[in-house]
Every structure is written in structure tokens, then in C-alpha cells.
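Q: Below are the C-alpha cells for one structure; questions will follow.
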Amino acid sequence: MLKIADKQFHSRLFTGTGKFANSQLMSQAIEQSGSQLATMALKRVDIHNQQDDILSPLLSAGVNLLPNTSGAKNAKDAIFAAHLAREALGTNWLKLEIHPDPKYLMPDPIETLAAAEQLVKDGFVVLPYCHADPVLCKRLEEVGCAAVMPLGAPIGSNKGLVSQDFLQIIIDQAKVPVVVDAGIGAPSHAAYAMELGADAVLVNTAIAAARDPIAMARAFKLAVEAGRLAYESGLAGKVSHAVASSPLTSFLDECLS
């Protein structure tokens with residue numbers, strides 16, 4: 001069971017709502033994923049209409065909403081969007097995203113830390129999307145973020161865990177849940193993140209852009225479960241030489257004696 005702030009989750013797979021061909025496909029894919037937390041960009045949601053084609057299926061399925069501040073270019077924009085989301089959606093949960101460069105969508109560490117500190121003071125449960133920077137993640141933890149969401153690779157790149165070495169440090173040091181976000185392009189990437197000890201992963205493009213998003217959502221569900229089980233079971237350590245699984249030494253000695 002994963003606990004973040006005041007909520008508990010059976011599923012360690014969080015999902016996004018963008019890039020799906022239509023809202024029905026989105027709803028079916030999220031259902032098959034087993035996800036209990038879905039993020040959505042405020043700019044894509046009619047926050048004054050609870051029957052919005054993104055909100056309605058999520059709410060009816062009991063999926064927790066995680067509005068994000070995608071599109072915010074600085075802390076001021078993100079804080080404004082956060083308060084708007086809380087008033088309209090009735091949730092103080094927030095995925096904090098600040099990326100001023102529209103081409104690469106790299107998160108701004110300075111503005112993210114400043115916004116996170118203020119939003120925590122304002123009573124938000126803040127989950128910041130950030131670089132896989134161990135020092136930054138520790139600072140975000142220290143200002144009160146409920147979890148950290150370091151990137152595996154650039155958003156939508158499907159490159160996997162390019163930042164693996166830094167993710168491992170973050171996971172080893174963190175005292176709050178670590179959710180690997182961005183760049184996860186295949187179920188194997190998600191499984192590996194879980195094997196490293198990540199508490200959860202967030203996947204959007206790899207599911208939404210698949211030839212069969214519903215089947216791919218199911219594949220990610222199974223991969224996350226397998227990766228977590230492997231981590232909890234204790235993976236065998238790596239060695240630089242061969243180790244026979246069925247040594248014949250004693251058997252041969254007996255035969256030759």
C-alpha cells in the first residue's frame with residue numbers, strides 16, 4: 001500500500017489524461033490500468049462543468065484528481081493556477097509543473113522550489129515535477145512536498161530511465177515517496193523504475209499513443225506490479241563473473257574417486 005499525505009493507493013501506476021484520441025478511450029484505458037490517481041492540465045479542463053468529458057468519467061470511476069500546472073512559466077503563474085484548481089475542483093492535491101521552454105519542457109528548478117514552498121504554506125499537497133537532481137529533491141522534501149516526481153527522460157520522449165543513476169540516489173535518500181515521471185515509454189521502463197525502488201510511476205504518452213491504448217494500459221499495470229514485487233522480494237546482486245546455478249564439482253569428485 002502506498003501512502004501519500006492523506007491518501008492510500010493500491011495501485012502504484014499513476015496516469016495522465018492527455019493525447020488520447022477521445023475521452024471514452026481515455027476512460028477505458030485508465031480503468032484497465034487500475035490507476036487511482038490521474039493528472040490533467042487545467043488548460044484542458046472546463047473546471048466550471050463537472051460533466052466535462054475529462055472530469056466526468058474520472059469522477060464516476062472514483063479516480064482521484066491531480067490537477068497540474070502545465071503551461072505555467074514561473075512560480076507566480078503556478079500559484080495562481082493552483083488556487084484556481086482548488087476552488088473549482090475541491091482538491092488541494094497538485095502536481096506542480098513549471099517549464100518555461102516549450103520545446104524541451106524542462107522543469108525550472110528555481111521557480112519550482114519557490115512555488116512549492118509557498119503552496120505548502122497555502123495548504124496544498126504538492127507533488128513537484130522536477131529534474132532528477134538529488135539536491136533539489138531533498139530541498140523540495142524539506143519545504144514540505146508530499147512526494148517528489150523526478151523525470152526519467154524528457155516529457156513524451158519515451159526514452160526510459162536516462163537519469164537512472166541520479167534516480168537511484170534520490171530513491172535511496174528520500175523520506176517521501178518518489179514517483180518517476182516523464183520519459184517512461186514501455187512497460188519494461190516502468191518495471192525497472194519499480195525494481196530500483198521507486199514508489200510509483202506516472203505514465204501518459206506511452207499509453208495514449210499506443211496502437212491499442214487499452215491493452216497497453218493493462219501491460220503497464222502488470223509491469224508495475226511485477227517490478228514492485230521484484231523489489232520487495234530482493235533482487236539477486238550483480239557479479240562480474242559467472243556463477244554456476246548447478247555446480248558439478250562435488251559430483252565429479254565422487255565419480256572420479
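Note that Cβ sites are derived from N, Cα and C of the backbone, with glycine treated the same way.
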Q: Quick check on the annotation: Swiss-Prot has Ala182, Gly183, Asn204, Thr205 binding 1-deoxy-D-xylulose 5-phosphate, so which of Gly156, Gly197, Gly227 does it put in that site too?
A: Gly156
Q: Please work out which residue of Gly156, Ala182, Gly183, Asn204 has the most C-beta neighbours within 10 angstroms of its C-beta, and give that one of the binding-site residues.
A: Ala182
Q: Provide, as an integer number of angstrom, the distance between the C-alpha atoms of Thr205 (1-deoxy-D-xylulose 5-phosphate binding site) and Lys95 (active site, schiff-base intermediate with DXP).
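A: Lys95 (active site, schiff-base intermediate with DXP) has its Cα 17 Å from the Cα of Thr205 (1-deoxy-D-xylulose 5-phosphate binding site).
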Q: How many other Cβ atoms sit within 10 Å of the Cβ of Thr205 (1-deoxy-D-xylulose 5-phosphate binding site)?
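A: I count 18 other Cβ atoms within 10 Å of it.
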Q: If you measure Ala182 (1-deoxy-D-xylulose 5-phosphate binding site) to Lys95 (active site, schiff-base intermediate with DXP) at Cα, how many Å is it?
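A: For Ala182 (1-deoxy-D-xylulose 5-phosphate binding site) versus Lys95 (active site, schiff-base intermediate with DXP), the Cα atoms are 13 Å apart.
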Q: Which are the residues of the chain, Gly156, Ala182, Gly183, Asn204, Thr205 excluded, whose CB is within 8 A of where the CB atoms of the 1-deoxy-D-xylulose 5-phosphate site average out, their centroid?
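A: Same chain, not in Gly156, Ala182, Gly183, Asn204, Thr205, Cβ within 8 Å: Gly16, Ala153, Pro154, Ile155, Ser157, Asn158, Asp181, Ile184, Gly185, Val203, Ala206.
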